[in-house]
Amino acid sequence: MPEKDFSSVLKKPRLVVRNFLARPQHEGVGAIVRRSIGRFELKYFDPFLVLDEFSVTAPAGFPDHPHRGFETVTYMLQGAVTHEDFEGHKGTIGAGDLQWMTAGRGILHSEMPAAQGTQKGLQLWINLSSSHKMIEPKYQEMLSKDISEASKDGITVRVIAGEALGTKSPIYTRTPTMYLDFTLKPGAHLQQPIPTSWNAFVYVLEGEGTFGSPKALPVTAHHLLLLGISGDGLETWNKSSKTLRFILVGGEPLGEPITQFGPFVMNSQEEIDQAIEDFENCVNGFEKARHWSSGDSLN
């Protein structure tokens with residue numbers, strides 16, 4: 001069987017409709033994040049609540065804090081962080097490792113540096129539908145060596161979720177999601193399909209690339225690109241002399257009302273009030289919060 005012509009995968013590539021530079025800001029206790037989704041210009045990009053590129057050096061970090069109503073996806077780029085929660089789940093997320101945490105009805109946890117020097121990574125918050133917001137918490141974790149990877153024509157992709165270059169991830173996404181870590185050598189040209197009804201964005205990690213149209217201006221690190229809804233995928237060129245690395249993330253919009261109060265994301269103010277009451281009273285999913293604090297707690 002002849003090999004599929006990769007240059008003609010897409011019929012109508014999506015164009016970039018908005019471009020943000022994620023500037024450093026303080027978060028947690030002494031940590032620095034570059035927040036691109038979840039900031040005042042872009043509060044919500046259905047189903048995505050937050051995208052942070054974080055940088056943390058001990059003793060700074062993210063000590064004990066709760067979540068309800070969504071998922072957090074932590075993908076380490078450099079160093080390692082230790083995770084611990086009130087159910088006794090504890091471990092270290094090293095460089096290239098993935099933790100896909102479904103907070104559901106409630107989690108109280110900490111995320112702190114596990115090594116000397118600066119730890120860097122990405123954390124994405126994905127909203128859950130109203131039918132999934134109060135499910136039991138769950139973890140999906142993968143070591144770097146176990147993440148599916150594929151290469152072709154100067155392109156390498158790590159498939160965190162979804163499918164690329166014929167390679168699929170085993171990660172189950174309650175809110176249908178694709179999360180792809182692409183590296184393009186100089187001169188490489190990528191066409192990656194995206195489901196037509198999904199919202200999608202690019203976040204550049206290193207190098208510079210041309211996205212959406214060959215005539216577009218090149219985009220450098222720490223920029224978030226929102227892709228238009230019209231089209232069947234992303235087209236990218238690395239016209240530079242250096243390696244280009246970026247993530248492509250897409251998800252099926254939930255189309256539901258959203259009310260957020262910090263680490264609680266629900267569908268109404270009444271549900272937010274209930275979440276705060278449940279946490280303060282250590283009930284309805286937060287029972288173990290009453291007598292728990294992490295080994296890294298700064299309290």
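Using the three backbone atoms N, Cα and C, a Cβ is placed for every residue, glycine included.
TrEMBL labels come from automatic prediction, so no person has curated them.
According to TrEMBL, the protein carries these features:
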type: BINDING; residues: His65, His67, His109, Glu111; note: Fe cation binding site
type: DOMAIN; residues: 33-126; note: domain 'Pirin N-terminal'
type: DOMAIN; residues: 179-284; note: domain 'Pirin C-terminal'
The one of His65, His67, His109 whose CB sees the fewest other CB atoms within 10 Å, among these binding-site residues: His65
CB contacts for Glu111 (Fe cation binding site) [other CB atoms within 10 A, all chains]: 29
Residues flanking the Fe cation site, with Cβ no more than 8 Å from the Cβ centroid of His65, His67, His109, Glu111 and excluding those residues themselves: Phe62, Asp64, Pro66, Thr72, Asp85, Ile107, Leu108, Ser110, Pro263
